[in-house]
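J.: TrEMBL lists these features:
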- 1-73: repeat 'Solcar' (REPEAT)
- 82-164: repeat 'Solcar' (REPEAT)
- 189-299: repeat 'Solcar' (REPEAT)
- 49-70: transmembrane segment (TRANSMEM)
- 189-208: transmembrane segment (TRANSMEM)
């Protein structure tokens, strides 16, 4: 929750950059922040935070619990030191599991962040449910699951950095939680090392899957565009438009259609739109996340 609050303004900027209908309104990260504050006041930077704030504890709990479970499945015994490959696989799997919660949470958040008028998470959620039911709340789940596979790179980067910065003796652990609370003096990470490892993990985790985050934002930020479906009548040799037959012609309706249409319309660079505020956000967010975690562990 601490990490979310620290980095949310940059997340709002990222979503604005990734949303095609308002992306041209902003020229840079600083300009976007200044414009949002001027037009929507400071709270505009936190538009949509209530939805992820309500579920971030549950989501991260699910990530870390599934990460530990998937790691244990790969290890021969509890004291085995996991390889970076095993860590990556466990992290990617935990991301897929967490998408069950992440998808509806981020869908509501993105819809709020894309609106220039004030609204609540409850209003947005009810509107989505009214239009498409429970299925509508899971719009973009494929792209979300693929993006959240980035937890593999995230955990691997944290572990690799921790091992590099720690004392020569290896960390005897099979999960990140134990790494953060190593009690022996030779293995314990300093505060500086802890913060550096968290910052590196955040950057690498985003770089690994950022294009899929753009795809996910475009899918979840768009709506159905219904058009009548034309049919050919052989008896009259005419093309008829049936009122009852319709189709969704939204170019951002699936992961594949979003990738193809985004590339054709805006080129390869579109998949890295909003990367700057994301990387800026990643450093303090993950530093704060691990620092807060470490503080709470020692407090209790």
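Placed from the backbone N, Cα and C atoms, the Cβ positions cover glycine too.
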J.: What parts of the chain pack near the transmembrane segment (189-208), using Cβ distances under 8 Å and only residues at least 6 beyond its ends?
T.: 150-158, 161-162, 165-166, 179-180, 182, 275, 278-279, 282-283, 285-287, 289-291, 294
J.: For the repeat 'Solcar' (82-164), how many residues does DSSP put in helix, in strand and in coil?
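T.: With helix first, then strand, then coil, the repeat 'Solcar' (82-164) has 70 helix, 0 strand, 13 coil.
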J.: If you average per-residue pLDDT over the repeat 'Solcar' (189-299), what number do you get?
T.: 82
J.: What is the three-state DSSP composition of the repeat 'Solcar' (189-299), stated as helix, strand and coil residue counts?
T.: 73 helix, 19 strand, 19 coil
